[in-house]
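Notes for the one structure printed next.
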Amino acid sequence: MATNRTFTMLKPDSVEKGNIGAILEKITASGFRIVAMKLTQMTTADAKAFYGIHSERPFFPELVEYMTRGPIVAAILEKENAVEDFRTLIGATNPADAAEGTIRKLFANSISENAVHGSDSDENAAIEGAFHFSGREMF
Ligand code: CMP
């Protein structure tokens, strides 16, 4: 995957609250092109693998439960400086610390149910995008 791409998930709380359209509008209005996108649901094995880096953290069981409880929107996004610019757009992990106007400030419930995921590096963007999409699903 090119380094001008990032990976995102609109998490189960965003789907449950009917916020898919509003969040996608903010993403596209901020200049991101949708390269790949689907509504899907992670299995427990998927969530444990995707978030394997956090497996020793105390919140890991809660994270797996949350991420598997309903559908998510998975997407690959393209823009110059995608990883950094998307993390700026979504705001801090904890919505209480997120800047005004960011997606987490507007739509997140809490640090655990924080509405959206954004890759933290070009390397992880490529790994996470390939976790959810085959080459034939990227446009
Ligand atoms: P995300 O950016 O997708 O990466 C890891 C996720 O773990 C994070 O969003 C939150 O959903 C969750 N998380 C991170 N820190 C905490 C925490 N202190 N307590 C509960 N959940 C957390």
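Each residue's number is its place along the chain shown, starting with 1.
Cβ from N, Cα, C; glycine included.
Computed from a predicted structure; not experimentally measured.
Taken from TrEMBL, the feature domain 'Nucleoside diphosphate kinase-like' covers 3-137. Feature annotation from TrEMBL assigns ATP binding site to K11, F59, R87, T93, R104, N114. The annotation active site, pros-phosphohistidine intermediate is assigned in TrEMBL to H117.
Between the candidate recorded positions, R87, R104, H117, the densest Cβ environment within 10 Å is the one around R104. Comparing Cβ neighbour counts within 10 Å across the binding-site residues F59, T93, N114, the minimum falls on F59. Here the Cβ of K11 (ATP binding site) has 25 other Cβ atoms within 10 Å, regardless of which shown protein chain they belong to.
For the binding-site residues K11, F59, T93, a Cα-Cα cutoff of 10 angstroms around H117 (active site, pros-phosphohistidine intermediate) retains K11, T93. Closeness to ligand 1 is met by none of the binding-site residues K11, R87, R104, no Cβ falling under 6 Å from the molecule. This prediction places the mean pLDDT of the domain 'Nucleoside diphosphate kinase-like' (3-137) at 98. Across the domain 'Nucleoside diphosphate kinase-like' (3-137), DSSP classifies residues as 65 helix, 24 strand, 46 coil.
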